[in-house]
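Feature annotations, courtesy of TrEMBL:
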type     : residues                                                                                               : note
ACT_SITE : A:D131                                                                                                 : active site, proton acceptor
BINDING  : A:G10, A:G105, A:D106, A:G107, A:T108                                                                  : ATP binding site
BINDING  : A:D106                                                                                                 : Mg(2+) binding site
BINDING  : A:T129, A:I130, A:D131, A:R166, A:M173, A:G174, A:R175, A:E225, A:R269, A:H275, A:V276, A:Q277, A:R278 : substrate binding site
DOMAIN   : A:2-300                                                                                                : domain 'Phosphofructokinase'
SITE     : A:G107                                                                                                 : site 'Important for substrate specificity'
Number of protein chains: 4
Amino acid sequence: MRIGLLTGGGDCPGLNAVLRAVTKSLIRQCGAEVIGIEDGFLGLIERRVRPLGWDDVSGILAIGGTILGTSNTASPFAWRGADVSADVVAYQRELGLDALVAIGGDGTMTIAARLGAVGGVPMVGVPKTIDNDIAGCERSFGFDTAVATVTDALERVQTTGQSHGRVMIVETMGRYAGWIALEAGIAGAADVILLPEIDYDVARIAEVCRARSARRRATLVCIAEGAKPAGGAMTVERTVAGSPDPIRLGGVAHRLRAQLQPLLASEVRATVLGHVQRGGSPTPFDRVLATQYGNEAARLLRRGEFGRMVTLQGGRLSSVALASVAGQNRCVPADHALLACAREIGVCLG
Amino acid sequence: MRIGLLTGGGDCPGLNAVLRAVTKSLIRQCGAEVIGIEDGFLGLIERRVRPLGWDDVSGILAIGGTILGTSNTASPFAWRGADVSADVVAYQRELGLDALVAIGGDGTMTIAARLGAVGGVPMVGVPKTIDNDIAGCERSFGFDTAVATVTDALERVQTTGQSHGRVMIVETMGRYAGWIALEAGIAGAADVILLPEIDYDVARIAEVCRARSARRRATLVCIAEGAKPAGGAMTVERTVAGSPDPIRLGGVAHRLRAQLQPLLASEVRATVLGHVQRGGSPTPFDRVLATQYGNEAARLLRRGEFGRMVTLQGGRLSSVALASVAGQNRCVPADHALLACAREIGVCLG
Amino acid sequence: MRIGLLTGGGDCPGLNAVLRAVTKSLIRQCGAEVIGIEDGFLGLIERRVRPLGWDDVSGILAIGGTILGTSNTASPFAWRGADVSADVVAYQRELGLDALVAIGGDGTMTIAARLGAVGGVPMVGVPKTIDNDIAGCERSFGFDTAVATVTDALERVQTTGQSHGRVMIVETMGRYAGWIALEAGIAGAADVILLPEIDYDVARIAEVCRARSARRRATLVCIAEGAKPAGGAMTVERTVAGSPDPIRLGGVAHRLRAQLQPLLASEVRATVLGHVQRGGSPTPFDRVLATQYGNEAARLLRRGEFGRMVTLQGGRLSSVALASVAGQNRCVPADHALLACAREIGVCLG
Amino acid sequence: MRIGLLTGGGDCPGLNAVLRAVTKSLIRQCGAEVIGIEDGFLGLIERRVRPLGWDDVSGILAIGGTILGTSNTASPFAWRGADVSADVVAYQRELGLDALVAIGGDGTMTIAARLGAVGGVPMVGVPKTIDNDIAGCERSFGFDTAVATVTDALERVQTTGQSHGRVMIVETMGRYAGWIALEAGIAGAADVILLPEIDYDVARIAEVCRARSARRRATLVCIAEGAKPAGGAMTVERTVAGSPDPIRLGGVAHRLRAQLQPLLASEVRATVLGHVQRGGSPTPFDRVLATQYGNEAARLLRRGEFGRMVTLQGGRLSSVALASVAGQNRCVPADHALLACAREIGVCLG
């Protein structure tokens, strides 16, 4: 059995742990040959692969990023304006692959499945999203690490806020789903947590800040990059004209700052965490989780269950048909237990 | 409504997060008065309590230990040879308590329930076990932190092992259940993981070590303090005669070392992690989890659901009748998914 | 003996360690009374002080920020347009202070000295600068912590850079002195380190990036917020029009990104660390250093050596006349050993 | 120019940072060829070497341990009872080495120098001691990391101590010099710090514990493994009979526990940190320091200054003749500033 492995889309802590588990499990359980494909689908297009042996994946469990490399955009169906999927399928045959393990987000897995549909090898998917927003998947690896990184940042900023009696705004990842802001906000003792799922009310937030500063307390605001004011259109791009990457420039944190400052006596400061949230060594929790995801993918392969994606549901690893979840996002539902919990202990959710 | 709060049994990261969530939730949701009882039941016996207000529990989320203090042994039913439960019940009345929230292990909650049965106030329990071994409770707060601490230690010891080509044995907590050794062992890339639930075979472990050192690799062994060799009686106390605290002296790690060294050419070293595993600031994961446990306890109180213990099942907070779980331990079942996963990626489980 | 204590200027890890050491040392060595002044000079203006006893400063060693609070701007010589120094001097007398310990930057100490000159109590200064740029002071507390925070961020960003083959730019604090960027850049294995002291050459940096990506390697750039291109005027404010806080918006990192991207095939990304660099618990190194600074201040007080600032020179604590260092900055000298070291191991310094 | 590189003696954080800096500096500054010798002198005896190129030492800065491996005991002058130094010298010639960089403790460097004296290649030494006790060297790499590890452990144990009102004893490395216990003790807010350099008085320590528990406070004791009671013989081996490694079993911590418990009402607990103190990724401080040590060694080589050891004095890198420091230990002098500082803030030093 020859199995191809690739990681696609954005960097995420735990990718190497998945690669290690898939490879070790396949080698040990069925003596499979594992072929590592470099830089996601780009490696299939540019024909860059390398064998992955036991020693190649030893010692990488705790290393951030992916030893295979990844690419965000390369699709064989639209590569520099052309459809090169036929060449990619031919290359898969040359390599003698029996199946492909695609570790990535929605896009990566959809492409892998489409390749199978046009004559390529069958695939098994391992969901990868630092935002924890893949449908049918309770908790994805990398998320716990991102939450830990953001929580650490919130604590650091908090000490400054308290020393100066300021309102500190920290912007986290999460354009469509607010999981990171919600969990890190609670773990970092944020007083206000703003998510894409709940439009916020500037006046209400200002009230919270004033009430706290009246008691000589700082206010810590944790805002997801996709959060928006009630009624307010998402006009970040325009507010920070000419910037090469508006979102990364912290549109929402700086916009909220501009909205709040006129309403408050205390200083308001904004910080955008940006790329630090994606990187670093996975937490022990994520190492165990990613190892389970990888091992489960190897099991699906051994059982010949193709076109499926590994999932975690009710605390157990299992799988769903890729088709059944493709193109869907998992946002924070309005009735989510953590939202109620946050409200009941006094967190302002917008 | 006046509610008493106490923490009993051993220290555990997240206790303050629970105290904070219970208190804030009770004050905010029903304007309750919260009374903190010092040093577990000792505070009820010695009449040492203090009010807990909003500000008393602000800023303690990330602090390890318990601001109320705790005690391992004090039971009103057997206090210095006497049964002082009547005085304790009387004191509860004097305090005007309507209910008691007991955060602790099996013993703590059983005593709290027994007090209710002899005329004391009704109770709600929050399970506390760093070993993650309370029946009916999927994942307890403090466990993730302990796993992180042990994983960090395994990684440190690993660098020494690799530099010297040694066999390194690290002893973790877990006298009856091996959860910490299992998860930390996987997260710390241990080659051998030994649990109380699976008797180990010294010859087989020696084989693993020899095979690895033949490939110039070190071997990392993670052993729970309750693990024992097949057939071998648990004779730690006798092997380390005259020590004030045999288990803490690392009976099992040093015994395993003594068993392995004669069978191996490479050096074998043993380390006992001991008390460091209990302490420290909770991980973000544990802060969120402990906050949910505390808030759920406040909900049970508000709904008047007494004699129950908060639990986590299928990823959701709920509760069980204390009677239904008292006196049971949750060990690692032989068919647990993580055991299979570990085996499939090549970990030796004894 | 009654001693006033205040912390002024920006937040810095280790302030509480200094407060603890000064207070414990004064109480223990000469039974002094210590008065904590809130929010820097603002506390003297608004008459907000509180006694600091042994227990008040116990358990704060590892806590970030300052328990006394601080303020950046409040000067008794120019308070809301008026000179209120006479009232402040009068208030010092009312409090019966014998001396003042001012922990802060250049501004804070100069004001404290000026107060003494117009009839206020004599002062002793403890230098506080996260940028490590106070003249006459080899290494200031807080700096090691900031370097550790930035190094951690560089490592996180590095994993993303490597996975994607990108050029990652990380902006650190340091408007006038590049110490943080230099040490964190070396500790974080940055390939390019850009300081305010050395104007950089965009073409040369692009060359480094191209050479590395030709070998399929990412490039990590660590740039201090005060770094500027050769000949290029500092036009950040204009490039990010209408922003409430241009520097915080990452002027230099995003400008460099805009300069580099046209010259490179690989993606360039920029991150601005911002406020996270000031906060958090001090490293053990900084705890020891801050404790020594605080204790040395108490010694100067006991010996009646006023108008002086504690310093670290040649690895030893001592002091200098405040007048001799006021108004001077300590930049990275062109012949500094670390610059030569960085160059010799192949780091591009601009 | 062909240079041999070896690491000898115990594992220490920063070894890879030194290897990286020496190699990069030599390749870049004089196009030298660098030969890595495996497992210290064992590699010269068993003829196991490998070339070290630029890429071999890239990405290892933050990795604990040594990629070359090390050995504690192998001496060419006494290898399995025979003197094989002549073969080793011959092998050095075969390899065409011009010089040898020995990174290690006293023993390693003395052997390297002796080899030069009997016809081997000249050597340059880089001092390596986690205990920070090498003569002529102010601060050695790895020490800051060990202090950070111990400080973290002290903080964890502290939370347990406070929650239970216990006396917690933590045993650190340091058989002859107490640097780690002293700095970590101060950074970890230990109430009692016991060093090999100062015999302790059990009665006095008990007094401190009683005074604290009278104020409902726990007591944290940090004791170096070489500390001993006044007059008391070092009888650890006998007290823990039959153990394979008495010191590692925590002789001194458990002996102190046995001595204190009878004198106190509060529980006394002991923990031995053991091997975790040697391992792990170096702190940013140690990465910078180790990089400087490595680069300085390359400079000595380029200048042909042989038989010398790199040192840090007065905060500057320089070197001393190996002969002038060999066989000497650097203990904590009785008049050391940190001892006075600790006493003045109320720490009991025995």
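Placed from the backbone N, Cα and C atoms, the Cβ positions cover glycine too.
Positions of TrEMBL features highlighted on the structure.
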residue : record                 : Cβ within 10 Å
A:G10   : ATP binding site       : 20
A:G105  : ATP binding site       : 22
A:G107  : ATP binding site       : 17
A:T108  : ATP binding site       : 26
A:T129  : substrate binding site : 22
A:M173  : substrate binding site : 25
A:R175  : substrate binding site : 15
A:R269  : substrate binding site : 22
A:V276  : substrate binding site : 23
A:R278  : substrate binding site : 25
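In sequence order, the recorded positions near A:D106 (ATP binding site) (Cα within 10 Å of its Cα) are A:T129, drawn from A:T129, A:D131, A:M173, A:R175, A:R269, A:V276.
In this structure, the recorded positions under consideration are A:D106, A:D131, and the one with the smallest number of other Cβ atoms within 10 Å of its Cβ is A:D106. Put simply, the two farthest-apart Cα atoms among A:G10, A:G105, A:D106, A:G107, A:T108, the recorded binders of ATP, are 11 Å from each other. A:D131 (active site, proton acceptor) sits 10 Å from A:G105 (ATP binding site), taking the CA atoms of both as reference points. Within 8 Å of the Cβ centroid of the ATP site, not counting the listed residues A:G10, A:G105, A:D106, A:G107, A:T108, the chain contributes A:G8, A:G9, A:G104, A:M109, A:K128, A:T129. The shortest Cα-Cα distance from A:G105 (ATP binding site) to any of the binding-site residues (A:T129, A:M173, A:R175) is found for A:T129. Checking each of the binding-site residues A:G10, A:G107, A:T108 against A:T129 (substrate binding site) by C-alpha distance, the shortest gap belongs to A:G10. Note on proximity: among A:G10, A:G107, A:T108, the binding-site residues of the record, the Cα nearest A:M173 (substrate binding site) is that of A:G10.
A:G105 (ATP binding site) falls within neither a helix nor a strand when secondary structure is assigned with DSSP, and so counts as coil.
With a threshold of 8 Å between Cβ atoms, the binding-site residues A:T129, A:M173, A:R175, A:V276, A:R278 that neighbour chain C are A:V276, A:R278. Note: the Cα of A:R278 (substrate binding site) and the Cα of A:G10 (ATP binding site) are spaced 8 Å from each other.
On the 0 to 100 pLDDT scale, the domain 'Phosphofructokinase' (A:2-300) averages 92 in the predicted structure. Closest to A:G107 (ATP binding site) in space, going by CA atoms and restricting to the binding-site residues A:R175, A:R269, A:V276, is A:R175. When secondary structure is read from DSSP and collapsed to three states, A:R269 (substrate binding site) falls in the strand class.
Rounded to a whole number, the distance between the Cα atoms of A:G10 (ATP binding site) and A:R269 (substrate binding site) is 29 Å. Comment: substrate site residues A:T129, A:I130, A:D131, A:R166, A:M173, A:G174, A:R175, A:E225, A:R269, A:H275, A:V276, A:Q277, A:R278; largest CA to CA distance 33 Å, whole number.
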